[in-house]
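Q: This is the structure I want to talk about, given as structure tokens.
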Amino acid sequence: MNLTSKFSKYLLTFLTLSMISGPIGVSAQVSKTPILRGDVPVIEETDPYVLPEDYPQDILDWYASNIDARSYVVMDGETNRVLAEQKANTRYPIASMSKVASIYLVYQAIKDGKLKMDDKIEIPQAIEDNMSFNPEMSAMGLYGGVEYTVKDLIYGVMLLSGNDATSALMWHLYGSEQEGVKAIRELLKSWGMTNFEFYTVSGIPNQYIPEDWWIEGSVAENENQMTASDVALMAQHIVRDFPEVLEVTSAESYVAQEGTEYEVVMSNPNQLLPGGAYERAEITGLKSGMTDAAGKNFVASGKENGREIYVVVMGLFDTAEMVMSTYWEVEILLDKLAEYPELYKNEGLPVNQHEKPVEEETTVDGETAQSDEIESLIKEHGIPNENRRDNPITNFMKDIFNFFK
């Protein structure tokens with residue numbers, strides 16, 4: 001089926017879906033419907049990608065006429081070569097795609113033996129009061145004082161985009177919203193990422209949660225931001241390190257607390273999966289996101305032509321004439337690239353990767369080792385390693401500071 005035929009097919013689907021409100025088969029779920037304005041401050045692009053001179057102009061022209069997302073990237077997962085992009089290194093709000101980082105840390109805790117899938121977590125009353133039935137956010141509908149398994153909560157995060165489920169997991173692991181955010185920041189830094197802002201574990205903007213949950217130094221207007229390129233890398237990390245997440249993101253449905261008064265029936269909203277309006281044979285996930293400032297967003301994982309692929313679409317905003325779909329954008333991005341199946345072999349394509357920060361060398365007792373420069377000074381002054389507090393260097397510095405007292 002060519003792109004024109006597909007457009008006709010999906011236009012009919014758009015008109016049909018736009019008349020349907022809310023997901024089918026989901027109970028105890030609250031979904032926010034933002035006013036998708038798109039009035040986000042423009043951030044200067046950091047290290048914009050430069051495509052090779054022999055990159056097909058046909059692709060660029062077609063995307064310019066048909067793609068509505070303000071930012072996107074298509075990355076070959078085996079080489080990390082960028083197959084297509086627009087402002088992929090510009091930071092924008094990412095909304096609930098943030099949850100990928102939180103779920104990564106949950107799986108890491110399971111791997112480390114700190115958590116098990118069948119562990120039960122009692123939901124803090126504060127989460128029910130501020131999140132579970134708040135019409136301003138998506139939620140699983142958790143009740144304070146009720147215990148839910150880790151497995152139930154993971155499905156609630158990835159299928160329902162439950163902000164309540166995300167905070168429940170992260171508070172259990174780290175003690176608070178703020179400490180969970182700090183853990184995510186450290187995780188991203190460990191992957192070599194620097195061009196991001198993180199304020200909540202779920203991606204909900206600060207203004208929708210109590211002020212005493214805000215991380216120090218943040219304000220109401222703050223919300224999580226990343227680049228499309230880094231979101232693609234984040235998706236690659238979780239798929240590579242914890243492929244079991246794909247069992248969740250590719251599931252057609254799931255029932256939490258089955259047979260109890262707290263039962264939650266979940267349906268997978270990903271229209272790229274088998275049976276969806278934009279189904280593709282080997283797409284397996286991964287996560288959507290939507291806020292006023294972020295617009296509609298989606299990060300897709302899977303395979304195309306047998307090759308690992310990651311697609312990130314960010315910043316789609318509905319208009320008076322059209323209801324936008326990130327799934328449609330992913331579909332047409334991949335359909336056009338399918339006309340160039342050998343494109344990934346182009347060695348001139350930019351590569352999406354970061355150098356991981358060099359870990360500090362530590363001594364046996366855990367103290368940070370001296371740098372080469374300091375070691376050379378120590379050798380010059382003949383200072384034994386066991387005494388680094390009373391020496392010519394430190395005494396000289398003491399004299400300087402005492403002079404200014």
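Backbone N, Cα and C atoms are what each Cβ position is placed from, and that goes for glycine too.
Just so it is clear, the model here is predicted, and its values are computed rather than measured.
Not my notes, these are from TrEMBL:
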- S96: active site, acyl-ester intermediate (ACT_SITE)
- K99: active site, proton acceptor (ACT_SITE)
- S161: active site (ACT_SITE)
- K287: substrate binding site (BINDING)
- 360-371: compositional bias 'Acidic residues' (COMPBIAS)
- 65-315: domain 'Peptidase S11 D-alanyl-D-alanine carboxypeptidase A N-terminal' (DOMAIN)
- 351-371: region 'Disordered' (REGION)
- 1-28: signal peptide (SIGNAL)
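Are these features on the surface or tucked inside, and what touches them?
A: According to DSSP, S96 (active site, acyl-ester intermediate) is assigned to a helical segment. Cβ neighbours within 10 Å of S96 (active site, acyl-ester intermediate), excluding its own Cβ and spanning all shown chains: 26.
Sequence-distant contacts of K99 (active site, proton acceptor), defined as residues of its own chain at least six apart whose C-beta falls under 8 angstroms from its C-beta, comprise V157, M158, S161, T166, V201, S202, G203, K287, G289.
Its Cβ placed at the centre, S161 (active site) has 28 other Cβ atoms within 10 Å.
Counting every protein chain shown, 29 other Cβ atoms lie within 10 Å of the Cβ of K287 (substrate binding site).
Per-residue pLDDT, averaged across the domain 'Peptidase S11 D-alanyl-D-alanine carboxypeptidase A N-terminal' (65-315), gives 98.
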